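Novice: Take a look at this one; I'll ask things after.
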Amino acid sequence: MVLWESPRQCSSWTLCEGFCWLLLLPVMLLIVARPVKLAAFPTSLSDCQTPTGWNCSGYDDRENDLFLCDTNTCKFDGECLRIGDTVTCVCQFKCNNDYVPVCGSNGESYQNECYLRQAACKQQSEILVVSEGSCATDAGSGSGDGVHEGSGETSQKETSTCDICQFGAECDEDAEDVWCVCNIDCSQTNFNPLCASDGKSYDNACQIKEASCQKQEKIEVMSLGRCQDNTTTTTKSEDGHYARTDYAENANKLEESAREHHIPCPEHYNGFCMHGKCEHSINMQEPSCRCDAGYTGQHCEKKDYSVLYVVPGPVRFQYVLIAAVIGTIQIAVICVVVLCITRKCPRSNRIHRQKQNTGHYSSDNTTRASTRLI
């Protein structure tokens, strides 16, 4: 007599135990690799604003200095904004007109402490409050001319001290003919063209500070971008000396970026772009719209369904590659498990049915033999 046995379960652990480690492998790779979230370049200030301040490091591929925005280029409470294709540092302090004069560490007097901080932001150099009230006249008025009134003896005495070194200059008492030395390194400062009060264009605020230190005169940032009627600036050469650089040599390199320069539209254009930013081009009188991702049209009113993917930068391409490999492995494992189940289950059921039929056949033969004997 053959007892009936329940069919074996095809989805048992023994069937797929050889593939479990393949399922765990992608999970382990995800835990170890932890790819960062892909994101496009920030389109507004809120995209990079964190509780601790401005931080665009997650968007920075270090390929083009035009799109860098970090604490080294916009310090002293400056606000880093993107205007068109350029990132600029804006110092918009809402200072009141209260007259509470303070003396700054650069030897200049300011109407109040707010104006001192605003000057530090524009010059991108640290200016501390030395004392309350205006700076003493004998210590220099802060005009930067380096000339001290008085007799020739008094003037000679003053020039033999380090009091004349201003605007970030350091005094070198061991030098024979040069008292003030400017140890300012602008090699790591990002490109952010500015127009200074001396009518010259500079690549960044650090170069303005450097020129102010070298000339020992007050040079401030007047406007963003290059000066309209100027072609020269001062730069430091490898031997530490200063030389004038003709901007005409680099005009071709900067022409493309200047050509695409845009400025935000006035407030009365609010609502001109439905899903984007309103901008004015320097070559166009009518405003234009810079649409957000997924939108198109003159006023960004149409949805663009062709935007189905984001092209990552080369720095993040390795994370995309890891994710693609993990996805491929998971699909392959699922296919193998499905094939395993579909091939082994019918075979197991077929063997069970054969055994069951064999048992019934033997039982019928025994019954027939007994009947014949009777």
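Backbone N, Cα and C atoms are what each Cβ position is placed from, and that goes for glycine too.
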Novice: Using the record from Swiss-Prot, pick out the residue from Cys56, Cys69, Cys74, Cys135 that is joined to Cys103 by a disulfide.
Specialist: Cys135
Novice: Looking at 33-50, 177-194, 303-320, I want to know which stretch Swiss-Prot calls region 'Required for shedding'.
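Specialist: Matching range for region 'Required for shedding': 303-320.
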Novice: Check Swiss-Prot and name the cysteine among Cys265, Cys291 that pairs with Cys278 in a disulfide.
Specialist: Cys265
Novice: Swiss-Prot pairs Cys91 with one of Cys69, Cys114, Cys121 in a disulfide bond, so which one is it?
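Specialist: Checking Swiss-Prot, the candidate bonded to Cys91 through a disulfide is Cys121.
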Novice: Spatially, and counting Cα to Cα, which of the disulfide-bonded residues is closest to Cys121 (disulfide bond)? Options: Cys95, Cys114, Cys265, Cys273, Cys300.
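Specialist: Comparing Cα positions, the closest of these disulfide-bonded residues turns out to be Cys114.
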Novice: Same-chain residues six or more away whose CB lies under 8 A from the CB of Cys289 (disulfide bond)?
Specialist: Phe272, Cys273, Gly276, Lys277, Cys278, Glu279, Gly297, Gln298, His299, Cys300
